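J.: Quick one: the structure is below, and I'll ask about it shortly.
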Amino acid sequence: MKNITVSSIKKKKNQEKITMITAYDALFARLFDGEVDILLVGDSLAMSFGGEEDTLPIGMDEMIYHTKAVCRGAEKSLVVIDMPFGSYDTKEKALHNAIRAYKESGASAVKLEGGIQKAETIALLSENGIAVMGHIGLKPQFVRAEGGYKVKGKEEGEAQSLLRDAKALEESGVFALVLEGVKAEVAQEVARSVSVPVIGIGSGSQVDGQVLVWSDMLGFFEGFTPKFVRRYLEGASLIRQGVREYAKDVREGRFPSEAESY
């Protein structure tokens, strides 16, 4: 696999499907690197890594720390950093934090949530040499305000709003869009309406690529599994089995053996 760039992602529109998963540290970044196109250092780490109820508590310092770690482990995959809640509520703050993310984390692009109301912010970042991935549909940073995680596009008005958002972000300079929690037929319409790749999560198959949280898809989270997640491994049970066997060997004097001693 050749090194993935913002330019090569844009060229995948209507061509090869784009693959993206989250990554939060160097260890897993090395395992994922080159297997997928994009490693997203998502603010989802607040939940899957930090045990929070939603993504809102995490800040810029933590995002940069984890992204630096991912960049140390990734050589081929494109690394994208999420702009956390409160880091881009004004255009000036967005530019300051995006520049900081670029300079300190090593990421190749930033991702931020919001539709047409964030168009001017995205345009400002793009004008200053920052590659931006948009995020519309279900926006996790808005769940408290919206009262939970709700599928979008069920009503005609919502569908038209999503189309307007996608077009506005395309015109503002995003190189790709994440479309989350959107009815499949509406997601297909959105993907067809713009020239940039649309990467879905819980938005059906008729888009330009897919993204999942790694701990969901590899079975490390044993709680609620969303409908859109496919488990490719039962990671939690494998890890627990290994730890259990280690503890048993120690207690019964089988570890370390003579071969494992100096």
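A Cβ is built for glycine as well, from the same backbone N, Cα and C atoms used for every other residue.
According to Swiss-Prot, the record shows the following:
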| type | residues | note |
| --- | --- | --- |
| ACT_SITE | GLU180 | active site, proton acceptor |
| BINDING | ASP43, SER44, ASP82, LYS111 | 3-methyl-2-oxobutanoate binding site |
| BINDING | ASP43, ASP82, GLU113 | Mg(2+) binding site |
J.: May I have the list of same-chain residues other than ASP43, SER44, ASP82, LYS111 whose Cβ is within 8 Å of the Cβ centroid of the recorded 3-methyl-2-oxobutanoate site, in sequence order?
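T.: Result: THR22, LEU40, VAL41, GLY42, LEU45, THR55, MET63, ILE81, MET83, PRO84, PRO140.
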J.: Measuring Cα to Cα, how far is LYS111 (3-methyl-2-oxobutanoate binding site) from GLU180 (active site, proton acceptor) in Å?
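T.: With the alpha carbons as reference points, the distance is 13 Å.
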J.: Here the binding-site residues are ASP43, ASP82, GLU113; which one has the lowest number of other Cβ atoms no more than 10 Å from its Cβ?
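T.: Output over binding-site residues ASP43, ASP82, GLU113: least Cβ neighbours within 10 Å is GLU113.
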J.: GLU180 (active site, proton acceptor): which of the binding-site residues ASP43, SER44, GLU113 is the nearest Cα neighbour?
T.: GLU113
J.: Starting from GLU113 (Mg(2+) binding site), work out which of the binding-site residues listed here (ASP43, SER44, ASP82) have their Cα within 10 Å, and give them in sequence order.
T.: ASP82
J.: What is the number of other Cβ atoms found within 10 Å of the Cβ of the residue listed as 'active site, proton acceptor'?
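T.: Around the residue listed as 'active site, proton acceptor', other Cβ atoms within 10 Å: 23.
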